[in-house]
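If you check Swiss-Prot, you get these features:
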| type | residues | note |
| --- | --- | --- |
| BINDING | 31-38, 57-61, 84-87, 154-157, 182-184 | GTP binding site |
| BINDING | S38, T59 | Mg(2+) binding site |
| DOMAIN | 23-205 | domain 'EngB-type G' |
Amino acid sequence: MIAIKDAHFLTSSSQLFQCPASLTSEMVILGRSNVGKSSFINTLLGKNLAKSSATPGKTRLANFFSTTWEDKENALRATFNVIDLPGFGYAKVSKSLKKEWEGFLWELLSVRTSIKLFIHLVDARHLDLEIDKNAKENIQALLRPDQAYLSLFTKFDKLNKNEQHRLFLNAPKPFLINTTHFNALSSKYPTLEIVRQTLLKYLLTNPS
């Protein structure tokens, strides 16, 4: 079983020079405002590190967290950074600030070679939003051979059983499912342990 031995906040940045040095593999968490990024990060890491803004789209910083993962069964201990990007879709900012903000994020994703995994959170109740399609296309256009893109559906526990089953069968692969109530799900759906194992695999291996 994978245990998160340490998870702590590193820094926030709004410009590339403010980002911490790229000393370890990193995963990026992105998604629309109110998609549940903070809940996912806190559940994944077992600690309330990521904060939700009361105003959707208000947070315009990339937040960096250092995490240490341990898998005793396989004698593995590794450190990774988690990068929490601002939610997109609701930002009520001036055009000039929005352009500067998007420019920083695009540059961050383009040039930071330590990023190995992009995790795109999508609301399971709204699968065909244009903003999510555009985000997926833009990220996939950036991917290098040593990087991977993964969809992860949030709000899964808000669906009825038939909707859950259809999503599980029909969603484009690869994908994962997240809920803050993992234990309430049927055993046929991924558990928190499976989510952690999957992410660890992507962070440790070259997907090409």
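Here the Cβ of each residue, glycine as well, is placed from N, Cα and C on the backbone.
Where Swiss-Prot records a feature, it is marked here on the structure.
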residue	record	Cβ within 10 Å
G31	GTP binding site	25
N34	GTP binding site	17
K37	GTP binding site	23
S38	Mg(2+) binding site	20
L61	GTP binding site	16
P86	GTP binding site	22
K155	GTP binding site	20
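DSSP assigns K37 (GTP binding site) to a helical segment in the three-state reduction. Mean pLDDT of the predicted structure over the domain 'EngB-type G' (23-205): 82. L61 (GTP binding site) sits 14 Å from S38 (Mg(2+) binding site), taking the Cα positions as reference. The separation of P86 (GTP binding site) from S38 (Mg(2+) binding site), Cα to Cα, is 11 Å.
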